[in-house]
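K.L.:
This is the structure I have questions about; it appears just below.
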Amino acid sequence: MSALQGWPCWFGLGIICEAQSGAGDTLKALLIICIGDSASQKMHYYRYSNAKVSCWYKYLLFSYNIIFWLAGVVFLGVGLWAWSEKGVLSDLTKVTRMHGIDPVVLVLMVGVVMFTLGFAGCVGALRENICLLNFFCGTIVLIFFLELAVAVLAFLFQDWVRDRFREFFESNIKSYRDDIDLQNLIDSLQKANQCCGAYGPEDWDLNVYFNCSGASYSREKCGVPFSCCVPDPAQKVVNTQCGYDVRIQLKSKWDESIFTKGCIQALESWLPRNIYIVAGIFIAISLLQIFGIFLARTLISDIEAVKAGHHF
């Protein structure tokens, strides 16, 4: 009633009308006819839209993004802690001096992406900020199509992917002793797939410590890492020296003590056996991304509808 104070109106009749706008929204018009004005009768129109932002979509999108934001914080914390343990934070040039890849860099990259997207989605949903929501939605769409393109190209150009993976694996074999995280990653890969090297144990000649050349004085000369060794069920303690001098022996005796299959061959045989698991993971990730895009676009549409209603 406070909105009627100060009107030059002695008697009023209010009528509420409904109509459909071009955008499909239901508009309500309040028609007030003033009677008894000394000068003339006056009619005042106030129109308003009943569009509103859905709390369900708003807080569902917030909950969706808070998980990614917290996961990004964890990834960043683990990555920075690993770098501090290796002294990289005090000397960042150590990263550029590595010939292989530092797994911590991958962890930090994933953490930065998840933290940024989670932050944009959370703040955009709570503050109903279209700019942040468009950034979140556009980035998720870009990541989705990049994943799809990589999967298609990997299927179509398998030989090229195999060659790139071989080069990648060999370059990291050269840096096996340079970084503890890279060393643990290669050991885990070889133990899990029961393989050794990219195409076989001979690939460890690429590493200066395991090289069989006469110029090498390493105790690990002509050997392989312990992760290449066939595990002995009777041993409860891991023998880290089981691969010493193993390649001095005849090749026919290698399979008695170490794995002779290359890791590329092991992965190629692993993929067909677990194709349903890989496909399930890919579909699950894709559905999560599509769900996030749907929530963001729906919330953006609600916000735009409310803003459009204010211009009547």
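Glycine residues also receive a Cβ, built from the backbone N, Cα and C atoms like all the rest.
Just lifted these from TrEMBL, have a look:
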| type | residues | note |
| --- | --- | --- |
| DISULFID | C195-C228 | disulfide bond |
| DISULFID | C196-C212 | disulfide bond |
| TRANSMEM | 66-83 | transmembrane segment |
| TRANSMEM | 104-126 | transmembrane segment |
| TRANSMEM | 132-157 | transmembrane segment |
| TRANSMEM | 275-296 | transmembrane segment |
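Tell me about the setting of these features in this model.
P.N.:
Other Cβ atoms within 10 Å of the Cβ of C228 (disulfide bond) number 26 in total over all chains.
Outside the transmembrane segment (66-83), and at least 6 residues removed from its termini, the chain residues within Cβ reach (under 8 Å) are 89, 104, 107-108, 110-119, 121-122, 181.
Residues 58-59, 61-62, 64-76, 78-80, 82-83, 86, 88, 95, 132-133, 135-136, 139-140, 143, 181, 292, 296, 299 of the same chain lie 6+ residues outside the transmembrane segment (104-126) yet bring a C-beta within less than 8 angstroms of a C-beta in it.
Here the transmembrane segment (132-157) has long-range neighbours at 65, 113, 117, 120-121, 123-125, 282, 285-286, 289-290, 292-293, 296-297, 299-300, 303, meaning same-chain residues at least 6 beyond its ends whose C-beta is under 8 angstroms from one of its own.
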K.L.:
Using Cα coordinates, what distance in whole Å links C196 (disulfide bond) and C228 (disulfide bond)?
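P.N.:
Taking the Cα atoms only, C196 (disulfide bond) lies 5 Å from C228 (disulfide bond).
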K.L.:
Under 8 Å between C-beta atoms and at least six residues away from its ends: which parts of the chain pack against the transmembrane segment (275-296)?
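P.N.:
Same-chain contacts beyond the flanks: 57, 60-61, 64-65, 121, 124, 133, 136-137, 140-141, 143-144, 147-148, 151.
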K.L.:
Which one of these disulfide-bonded residues, C195, C196, C212, has the sparsest Cβ neighbourhood, judged by other Cβ atoms within 10 angstroms?
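P.N.:
Among the disulfide-bonded residues C195, C196, C212, the sparsest Cβ neighbourhood within 10 Å belongs to C212.
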K.L.:
Write down the Cα-Cα distance for C212 (disulfide bond) and C195 (disulfide bond), rounded and given in Å.
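P.N.:
A Cα-Cα distance of 20 Å.
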